[in-house]
Structure formats: C-alpha cells, structure tokens
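Written below as structure tokens is the structure these notes are about.
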Amino acid sequence: MAPTIRKSHPLLKIINGSFIDLPTPANISAWWNFGSLLGVCLIAQIATGLFLAMHYTADTSLAFSSVAHICRDVNNGWLLRNLHANGASFFFICIYFHIGRGLYYGSYLYKETWNIGVILLFLVMATAFVGYVLPWGQMSFWGATVITNLLSAAPYIGPDLVQWIWGGFSVDNSTLTRFFTFHFILPFIIAAASMIHLLFLHQTGSSNPTGLNSNLDKVSFHPYFSYKDLLGFVIMLGALASLSTFAPNLLGDPDNFTPANPLVTPPHIKPEWYFLFAYAILRSIPNKLGGVLALLLSIMVLFLMPIIHTSKLRSLMFRPIAKTFFWALIANTAILTWIGGQPVEDPFITIGQIASGLYFLIFVLLIPSLGLLENKLLKI
C-alpha cells in the first residue's frame with residue numbers, strides 16, 4: 001500500500017507529527033487549550049497589525065492623527081484597531097492562564113520548554129510595551145518616558161543607555177520610529193521562538209493533570225483535541241469580537257485620547273492592566289535600582305521554578321497544602337494588579353509593599369519548603 005502523503009512528504013510529515021498524529025494524553029483538560037489559543041492570538045495580532053501598519057505613520061507630528069484616520073476613514077479600520085488593541089489583552093489573559101496551568105500542574109519540569117516559554121513572555125511584554133507607545137497619546141508618551149527612564153538606574157552605563165534607546169535627550173521622533181520598527185519585527189521573532197517552544201515540547205510530549213506518566217493512555221491529537229481546541233477558539237474569538245464591538249475602550253486609558261504633550265503630565269501614569277502587577281512591585285520599593293531589579297525578578301523568578309521544585313509529586317492535584325498557597329499566589333497577584341492602578345498614597349503603598357513581599361516569599365521560600373514538608377508527611 002502506498003504511504004500516506006502526510007506521513008512521507010518532508011514538510012507535511014512535520015505538520016502531521018505536530019498537529020495530526022501527535023500522541024496526546026487522553027486526560028488533559030481545557031487548561032491545555034491555552035497554548036493553541038496563544039497561537040491564534042499571535043496570528044490574529046500579526047494579521048490585524050499588518051493592515052494597521054499599512055495606514056500608520058511613525059512620526060510624532062502624524063502618529064496620533066494617523067490612528068484617528070484609521071478609525072475614521074479606512075474601511076473597517078476602527079474594527080482592525082479595536083481587535084488589535086483588545087487582542088493584546090486577550091493575549092495576556094491566555095498567557096497568564098497558560099503560566100498558571102504550568103505552575104499548578106508542574107509543567108515547568110520540562111526545563112527547556114519552560115525556559116523558552118519565560119523568554120517568550122519577556123518578548124511578548126516588550127512587544128506590548130513598544131506597541132502601546134505608537135498611538136502617541138498622553139499615556140503612550142509618558143509611559144515610554146517613565147519606563148525607559150528606569151534603565152538610567154543601571155550603574156555606570158545607565159544614563160548613556162537611556163539616551164541610546166531614546167536616540168536623543170528625550171522621548172521624541174527617533175524613539176517613536178525605532179519603537180515602531182521593534183513592534184513590527186518582534187512578533188515574527190515570537191513566532192520563531194514559539195516553534196522552538198513546540199519543538200522542545202514534542203521531545204517529551206504534554207504533561208497531564210495527574211502529573212503521572214501517560215504513555216499507557218494516549219490518543220491522536222486530531223480529531224480529539226483539534227476539535228476541543230476549536231471550541232476554545234470560538235469562545236475566545238467570540239469574546240474578543242464582542243469586546244471590540246460593544247465596549248472597545250473598556251480596558252484602555254482615557255488619557256490616551258489626548259495627543260502627547262511633553263509639557264503636561266497626566267495625573268496618574270500607569271501601564272495597561274496586564275503590566276499592573278509588575279508595576280506595583282516596581283513602585284513598592286522606594287529605591288530606583290531596587291525597584292527595577294524587583295520588576296525584572298518578578299518575571300525572572302519563573303526561571304527558578306524547575307530548580308526549587310522539591311516535591312516528589314509533580315502536580316498540585318495531590319498536594320493540598322501547596323494547592324492552598326498556589327491560590328494565595330493568584331489572589332496576591334490580583335491584589336498587586338489592583339494596587340498598580342491606584343495612586344501612590346496610603347493605604348495603597350503599604351498594601352503594595354506587603355503584597356510584593358508575599359509574592360517573592362511564596363515563590364522563593366514557601367514553594368520549596370512546602371514540597372519538603374509534604375514529602376515528609378507522605379513519607380516519600
């Protein structure tokens with residue numbers, strides 16, 4: 001019998017091994033849907049972004065009016081812009097669920113896959129940050145000024161580094177031009193890194209909710225999980241379309257409807273909601289360099305996860321004490337997100353400092369010690 005083309009063709013057999021005949025644990029839940037949802041988000045962002053880039057002008061005197069032109073004069077431009085802006089929010093919702101799933105079910109024990117995933121998170125955050133600057137509204141300008149200024153905290157090279165990134169002595173035309181360049185190229189770098197992420201994942205296969213070896217119980221990815229993922233796509237794209245059409249500015253900042261003005265500072269400078277937890281950690285330390293290091297460590301702490309895993313059990317499914325503290329971490333991150341959007345005054349300063357301390361305490365101290373405690377209690 002002649003071999004099936006999808007199994008013999010050099011290109012098709014890669015696709016076949018990744019999306020069709022891929023052996024997948026039969027018991028993976030909807031939490032395993034977010035990886036493919038992130039792929040859909042990336043494709044949607046690149047597609048909408050490409051059309052927006054055709055009409056956008058990366059110049060300080062024209063950027064704001066070019067975005068207004070897209071929304072007013074370009075056919076369905078308002079929809080493209082709203083899908084792109086809200087698509088970023090959905091991207092981060094999916095990425096945070098995806099990381100949460102990885103932490104809960106011990107997916108970080110696939111070290112290479114996990115580490116590339118954390119690098120991907122940094123890349124997505126960088127892309128979102130430079131993208132937020134492009135409409136050249138008040139929050140775009142002042143957000144760029146505040147965040148890039150943090151690099152001046154780096155000893156010795158700091159001030160030169162900031163001027164090098166700005167391309168001058170302040171956030172200006174050259175900054176906007178290079179930020180647009182970065183915003184255009186980074187999604188393609190993310191796409192390439194995602195392929196490496198998948199390559200390493202397929203070396204080991206997916207984990208499953210129990211954290212046990214699933215070689216005894218695997219099914220082909222298609223049709224079982226391709227259709228299950230398709231349901232997730234419909235739900236997410238439906239929610240994105242609803243948000244983008246009925247409440248497109250719900251997650252945005254009203255200050256960004258005012259053109260950038262270097263002479264007027266907005267009353268509260270804050271990033272988009274998905275960066276607020278890290279922003280709260282940054283603000284909770286009164287020292288500039290300390291704040292910047294805490295900001296970096298709030299994400300880099302994820303690199304430690306494979307090292308500080310001390311439990312003999314992989315998943316939190318069978319670890320009731322650790323499970324409690326996992327949900328405490330989620331609640332704590334939600335509190336940090338809320339604090340990041342509040343003004344810098346009491347009691348918000350104190351709450352932010354306590355929540356920031358707890359964030360690192362749970363990661364660095366409680367996760368490894370609870371693993372050892374549970375091993376002792378289970379006598380393993």
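Note: Cβ is positioned from N, Cα and C throughout, glycine not excepted.
What Swiss-Prot annotates here:
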- His84, His183: heme b b562 binding site (BINDING)
- His98, His197: heme b b566 binding site (BINDING)
- His202: ubiquinone binding site (BINDING)
- 34-54: transmembrane segment (TRANSMEM)
- 78-99: transmembrane segment (TRANSMEM)
- 114-134: transmembrane segment (TRANSMEM)
- 179-199: transmembrane segment (TRANSMEM)
- 227-247: transmembrane segment (TRANSMEM)
- 289-309: transmembrane segment (TRANSMEM)
- 321-341: transmembrane segment (TRANSMEM)
- 348-368: transmembrane segment (TRANSMEM)
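Checked against His202 (ubiquinone binding site) by C-alpha proximity, the binding-site residues His84, His98, His183 yield His98 as the nearest. In the structure as shown, the Cβ atom of His84 (heme b b562 binding site) sits within 10 Å of 21 other Cβ atoms. Here the C-alpha separation of His98 (heme b b566 binding site) and His84 (heme b b562 binding site) works out to 21 Å. Rounded to a whole value, the Cα-Cα separation of His183 (heme b b562 binding site) and His197 (heme b b566 binding site) is 21 Å.
His202 (ubiquinone binding site) has a Cβ environment of 15 other Cβ atoms inside 10 Å. According to DSSP, His202 (ubiquinone binding site) is assigned to a helical segment. Counted over residue pairs separated by six or more positions, the transmembrane segment (34-54) shares fewer than 3 Cβ pairs under 8 angstroms with the transmembrane segment (321-341), which leaves the two as not touching.
His84 (heme b b562 binding site) and His197 (heme b b566 binding site) are 24 Å apart (CA-CA, integer value).
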